[in-house]
Amino acid sequence: MKHVESNNAKWFYLVLMVLSFTVTFMTRFIWPPLISTVAPILNLSAAQSGAYMSAFYIGYVITQIPGGVWADKFGVKFTLSLSLLVGGLATVGMSLISVYSVGFALRLMTGLGAGSVMACCTRLIADNFDQSESGVAFGILLTGPTLGLLIANQLGAALLNSIGWQGAFRVVGIITIIIAVIVFVLVKPQEKETTSQKKITFFSGIKTFFTTRNLIGIGLSGFFYMFVALGTATWANAHLANLGFAGGEAASVMTLYSVGGIIGSIITGLIVKKFNLDQRNFLIAVYVIIAGVAITFGNQSQLGALRGIGFLFGLCSYLPNAHLNSLVLKFVNKELAASVMGVQNFMFQLASIIAPAILGWTIDITGNFNTVWYSLGASPIIGIFFLLIIKQSKQQHTNLNL
């Protein structure tokens, strides 16, 4: 894809990517607010209800790497629009289910559609934004997940009450399909395939990632960062309930956490660009702060303190992500941006599988949540070690002969 010359065009593309990212998180999280209504109707057990979320993540992980390859080889226009279309159709299909197995297959399909979105967005940013602007672009892009989660929770409850659970799935699915059509119509097609693109294979991004020291450092440091983010998302509500807070009180804490996250995502790139900060050193400082705030949050028992520190926790927790993604573009050829991002995001998503189980195991052993928060505090400190192996000089991997 040719570099977009127009300043307005690149920001329009970024808005389109935010919308794409947002709707994939809406399709992901529309299920939880509907569980209590749908499960009795379909005779789903708690394990089966939870498995619908697991099915999404299975599909999501599967298409991380191939989705990146497709975006680099065939272009964002077709890869992203097809991915959104698949996710939208599968979500509409959920309104028609009557048995567990069909729902599981459709949730798996929804995840397969969502898996390539981050890689597609990365390629579009690489094509249209300079390295100095990429942190800002990724920061804005990464408001999408939080917006998608908030919209899914609010919209899901509202639609459930107004048009029922089938209507909720249909509305979210149709919105996703509309965004797919907009992407297909408005995103420019890729130029004629270049020699470098013809050489891109499934293993191109994998080889580049694991033969580039800086990318390995980014990936591993990001894994331990995601361990904190996913661990908090999984266990914070249970921790608040264990402290004796009602559902509404716990929700107020996590809402402030999400609001802080949105603000953090928006300002993180602006801070680094405004003050001309080194991204690696900024990440190291933020990791230290996250460690301290996580432990502090876990040691609070008063609702007011939890709300205030929860907001700060969300703000700090969403500062690193944009720069972890932006750094990838610094150390990889643009032609492989999506392929490498697919590998990195695959590594990041391993934390979504590992963190909840490990932290749950510590709760089972100790009988309390203290170990959760100290573990979450330790995780970014471990991540700092891998940030330190990143060399500051620009290092690009150019071998596409796979």
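Every residue gets a Cβ built from N, Cα and C, even glycine.
As given in TrEMBL:
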| type | residues | note |
| --- | --- | --- |
| TRANSMEM | 12-31 | transmembrane segment |
| DOMAIN | 12-395 | domain 'Major facilitator superfamily (MFS) profile' |
| TRANSMEM | 51-71 | transmembrane segment |
| TRANSMEM | 78-98 | transmembrane segment |
| TRANSMEM | 104-126 | transmembrane segment |
| TRANSMEM | 138-161 | transmembrane segment |
| TRANSMEM | 167-187 | transmembrane segment |
| TRANSMEM | 208-230 | transmembrane segment |
| TRANSMEM | 250-272 | transmembrane segment |
| TRANSMEM | 281-298 | transmembrane segment |
| TRANSMEM | 304-324 | transmembrane segment |
| TRANSMEM | 336-359 | transmembrane segment |
| TRANSMEM | 371-390 | transmembrane segment |
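Remote same-chain residues near the transmembrane segment (78-98) are listed as 20, 23-24, 27, 30-31, 42, 63, 67, 70-71, 106-107, 109-110, 112-117, 120-121, 165-170, 172-177, 179-181, 183-184, 187, 189 (criterion: CB distance under 8 Å, separation of at least six residues from the stretch ends). Within the chain, the transmembrane segment (250-272) has long-range Cβ neighbours (under 8 A, six or more residues past its boundaries) at 133-140, 142-143, 146-147, 149-150, 232, 236-237, 240-241, 279, 282, 303, 306-308, 310-323, 326. Below 8 A, the CB atoms of the transmembrane segment (208-230) and the transmembrane segment (336-359) form 3+ pairs separated by six or more positions in the chain.
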